[in-house]
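Listed in Swiss-Prot for this protein:
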{"type": "ACT_SITE", "residues": "His63", "note": "active site, tele-phosphohistidine intermediate"}
{"type": "DOMAIN", "residues": "3-142", "note": "domain 'PTS EIIA type-2'"}
{"type": "MOD_RES", "residues": "His63", "note": "phosphohistidine"}
Amino acid sequence: MSELFSNDNIFLNVNVNSQNEAIEKAGKALVDSGAVTDAYIQAMKDREQVVSTFMGNGLAIPHGTDEAKTNVIHSGLTLLQIPEGVDWDGEVVKVVVGIAGKDGEHLDLLSKIAITFSEEGNVDRIVQAKSAEEIKQVFEEADA
């Protein structure tokens, strides 16, 4: 999974004022990496209206609706580290992982991310990381 994280798609010390702004930043990074079309960003917002993507332990995993599968060019991940946190439906989120999965791969990606974040120590390491490499290492160790 760590191979889907490029250093260009890991953003440290992000400051956002809202959940919507965080979704837009994550979605734009997926667009910029060539993983999705622009329409996918709206699909991420649409999903959030139906069900929150807050996963617990300070993590949210925004992703598009099932109808948005046609907007996914290839699988991709982006990570926003938000040390100050952002309100996410009444919860504090410090890490946003935007995902786009091609050919049903999003369920596997969701599962691997959730497993990594199920350990509070991993969450702390990601929130406190000073480089993209440190964050990638947490995922590599969890995936081993």
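Heads up, the Cβ atoms here are built off N, Cα and C, so glycines get one too.
Note that the structure is predicted; figures quoted are calculated from it, not measured.
DSSP classifies the residue listed as 'active site, tele-phosphohistidine intermediate' as strand under the three-state reduction.
According to DSSP, the secondary structure content of the domain 'PTS EIIA type-2' (3-142) in residues is 70 helix, 33 strand, 37 coil.
Within 10 Å of the Cβ of His63 (active site, tele-phosphohistidine intermediate) there are 25 other Cβ atoms, across all protein chains. Each residue in the domain 'PTS EIIA type-2' (3-142) has a pLDDT score, and their mean in this model is 92.
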